[in-house]
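All remarks here apply to the structure that follows.
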Ligand SMILES: O=C(O)CCC(=O)c1ccccc1C(=O)O
Ligand SMILES: [Mg+2]
């Protein structure tokens, strides 16, 4: 297929409720929707960086800049036989993985649509449905988080993740265990808020039968995480520290984690995400699909990826109503049973994009023809 046209739209959508992590509070999604056009069909991608560089170094502005000046020029007009070519074409560009993923995922969607197959099928995914978990933000009080845990358990989520930060950790986990018992699949995510000086706190978390502790130490570290993992019974899971297949291999070799969170944006697209999945499978490391407060397009890419067999742990792949009053895809993503989402069978991402509401949400637009 020849990429005839690429369009960018920046959209801003308010979250139903603010979401707080150890690095800050977010109240809206500000992202770039990429559409790639060929032969009357449209493939969609959605950027996952935030407005400010506190999760990683990218922002919505840097994504737009990279797409406009480097990524679209490299892809528009190109004859693409297989979407795996795109990460190769863009490989000379250093980092900027979320910008690359925004366009790469759009080409994957277009390719699947051109071939009349689902994106999951195009990736080699076999699962028809996936079990899902939910990520719950920091609140002003422990009781408010406990109430959110209760609400999401009632909705059937199969795994509860709570965000922690120094001073909002042990008592929170203790309160959740006390209220809901030892059997609730529970984990914590620190988003790099601790250092090895805090090892006593992290060791205390070892007493609560957590599924894992996600990214406790620095965003760019795999050395100290290995040291920490040796001290803990609870598996360490890496998120921020893994950007490439080589990072994943090094982390496994060093023993920096026993579980890996794969985010399509963080690793530069679906092709790399699948490679990391395959490596982890060979090396006996379980993986799960992370989330970045995605709208429906990003969410559907995550669902398709999660259909691969080594996504053995329910990911942060929640239903549309977790964050949005109304999603930009039609129908919105809903559970088919408590805690279970269907992997769409329709071509590509499998749901329609509500072009009209997208247009209303658009704050900036750019079109490039071959
Ligand atoms: O439901 C989601 O999209 C996952 C939310 C989440 O945990 C998260 C949200 C924003 C930034 C980082 C993270 C994370 O996984 O670390
Ligand atoms: Mg995380």
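Every residue, even glycine, has its Cβ placed from backbone N, Cα and C.
Feature annotation from TrEMBL assigns domain 'Mandelate racemase/muconate lactonizing enzyme C-terminal' to 142-235. What TrEMBL records for 163 is active site, proton donor. The Mg(2+) binding site annotation in TrEMBL covers 189, 214, 239. The annotation active site, proton acceptor is assigned in TrEMBL to 263.
Mapped onto this structure are the features recorded in TrEMBL.
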| residue | record | contacts (Cβ under 8 Å, 6+ apart) |
| --- | --- | --- |
| 163 | active site, proton donor | 20, 21, 22, 135, 136, 137, 138, 188, 189, 190, 191 |
| 214 | Mg(2+) binding site | 161, 187, 188, 189, 190, 191, 236, 237, 238, 239, 261 |
| 263 | active site, proton acceptor | 48, 239, 273, 289, 290, 291, 292 |
Identify, among the binding-site residues 189, 239, the residue whose Cβ has the fewest other Cβ atoms within 10 Å in this structure.
239
By DSSP, what is the split of the domain 'Mandelate racemase/muconate lactonizing enzyme C-terminal' (142-235) into helix, strand and coil residues?
46 helix, 12 strand, 36 coil
Of 189, 214, 239, 263, the recorded positions listed, which put a C-beta under 6 Å from ligand 2? Please answer none if none do.
189, 214, 239
Got a sec? Which of 214, 239, 263, the recorded positions, have CB under 6 Å of any ligand 1 atom?
239
Cβ-centroid neighbours of Mg(2+) site 189, 214, 239, 8 Å, sequence order:
161, 187, 188, 190, 191, 213, 215, 237, 238, 240, 261, 290
Can you check how the pLDDT averages out over the domain 'Mandelate racemase/muconate lactonizing enzyme C-terminal' (142-235)?
98
Give the helix, strand or coil assignment DSSP yields for the residue listed as 'active site, proton acceptor'.
coil
